[in-house]
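Participant: Could you have a look at this structure, given as structure tokens, before my questions?
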Amino acid sequence: MSGKIMFGTARSFTLALYDVRVRRLCMRNYSREWAPSSAAETTDADRLGHPQNVTAEADKMRKALILIENTRTNGRSYVEAVRRLRLHPIILAADPALYDYVAAERIEVARVDTTNLDALIGEYSRLGKSFDIAGVTSAAESFYATVGKICRNFNLPGPDPESIEQCCNKAAQRQVLAAAGVPVPGYRSATTAAEVQCVAAEIGLPAVLKPAVGSGSRGVRLCRDARELAEHTDYLLGGKHMWRSSPEVLVEQFVDGPHYIAEIMGDEVIGIGITEYGPPPHFVFRQLTFPAPLTDEQYERAVDVVQRCLRALGLGWGPTNIEFRWTEVGPVVIEVNPRLAGNPDPQLVQLAFDVDLIGEHIKLAIGEQCNLSKRQSRTATARSLIADRDGTLDYIDGIDRAAAIPGVADVKLYVRPGTPIVRNGDYCDRIGYVVAVAPSRSSADTIIQRAVESIDWSISPFSDLHDQEQYTPLYFPD
């Protein structure tokens, strides 16, 4: 196979100051070994946040929505959206301690092995004796196929699990898209270091090497020469990367050009944004803006490619985000993700177009009609705050100054002084972000630049390697 692009052959000011435990949890080892193997093992002590003054009789009258796990970026927003629809949110989680806000906000959480479908079905049945369960969903891609299976089992609205599973494997997804004539980068999958070397020689360097299954840019790297390719191959296949499936990597042609993300609900494109990344070899997003500066003709071409992706992959229910780069031959699809992108993307869509993607997803999950009408057109942009080194955060200030700037809509931090910072070239490298909204892109850029320049921090290097190694990043659901 050549390294050519393939055509048919083969992405209110709500100041979450010091949301530290989320970041702290992103820096410790995570294991599911202790998780109960069946719903029967779930104890009363495992069910957190349940209001004690609500009787079982009253519970039966309450409509509930079940969330399978949650995420670092969108999780809290999903809970808030459920409550806005006057539903009772219940999180099923292998590690309830991940969600540090549940106790303070009295959110019900049940401990269950979320990798065990039978255990989840059993827990659903148990909860069904006390609640009128209106729907089941998840913000996490890794559990979305499971959501589809549970919905099918209980005759609830939900995604097609087979389509989701196919889409979540980037190698299988790429094969389907190429067969349907959708422009994609040249690629091959590999399971051994020798295969990686062979495929890279065929495709050519630079090439992108990434896990076939995963999200959040975990394990994704641009390999510009043979040394970088060998190093990253060893990282992925040598036991350092945490796999949630059998080890399989994708070696793909590096496609250069402006990077865009389309946010979709059902089969309707709600908006297309443009993304800027930080320096290679990693793909950590630096800035995202909605709407992207596309001509009408470019927008129509992008929407056409999006629709072809949805049809080829059997998607069309619920949220999808599609990443593509614009090249000399037009849009080339990088990834199709059968979920909403993590915040700040949904925030930006709501600020730009007044469409609440998370709320509309919940409506779909409970069988209600969506309202995807765009009620305004503004420019919304987000800039990431990215640590400049590993170490311990000494201080971070200027948050109030940034938040007070007219046009700043949100300032979110994942850290506070004393938080250990370990960069890994993925979405957890962000220590926070700033969101701004304005009538034009130039105004939004001016506001966001002023806000970011108002924020300052200091990080002291770790004293030794041991200090750094004890803060291995957590495999947070996403």
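Backbone N, Cα and C define each Cβ position, glycine as well.
As annotated by Swiss-Prot, active site applies to ARG339. For GLY214, SER215, GLY216, SER217, ARG218, GLY219, the entry in Swiss-Prot reads ATP binding site, with the evidence type sequence analysis. Annotated domain 'ATP-grasp' per Swiss-Prot: 174-366, in sequence order, evidence recorded as sequence analysis.
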Participant: Based on Cβ atoms within 10 Å, give me the single least packed residue among the binding-site residues SER215, SER217.
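Facilitator: Result for the binding-site residues SER215, SER217: minimum number of other Cβ atoms within 10 Å at SER217.
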Participant: To the nearest whole angstrom, what is the C-alpha distance linking GLY219 (ATP binding site) and the residue listed as 'active site'?
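Facilitator: With the alpha carbons as reference points, the distance is 20 Å.
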Participant: Would you kindly give the Cα-Cα distance separating the residue listed as 'active site' and SER215 (ATP binding site), rounded to the nearest Å?
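Facilitator: Approximately 11 Å lies between the Cα of SER215 (ATP binding site) and that of the residue listed as 'active site'.
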Participant: Under DSSP, is SER217 (ATP binding site) helix, strand or coil?
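Facilitator: Once the DSSP labels are grouped into three classes, SER217 (ATP binding site) ends up as coil.
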Participant: Hey, how far is SER217 (ATP binding site) from ARG339 (active site), Cα to Cα, in Å?
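Facilitator: Taking the Cα atoms only, SER217 (ATP binding site) lies 15 Å from ARG339 (active site).
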Participant: Per residue, counting other C-beta atoms within 10 angstroms of the C-beta, which of the recorded positions ARG218, ARG339 reaches the highest number?
Facilitator: ARG339
Participant: Hey, which of the binding-site residues GLY214, GLY216, GLY219 is the loneliest by Cβ count within 10 Å?
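Facilitator: Selected from the binding-site residues GLY214, GLY216, GLY219 on minimum Cβ neighbours within 10 Å: GLY216.
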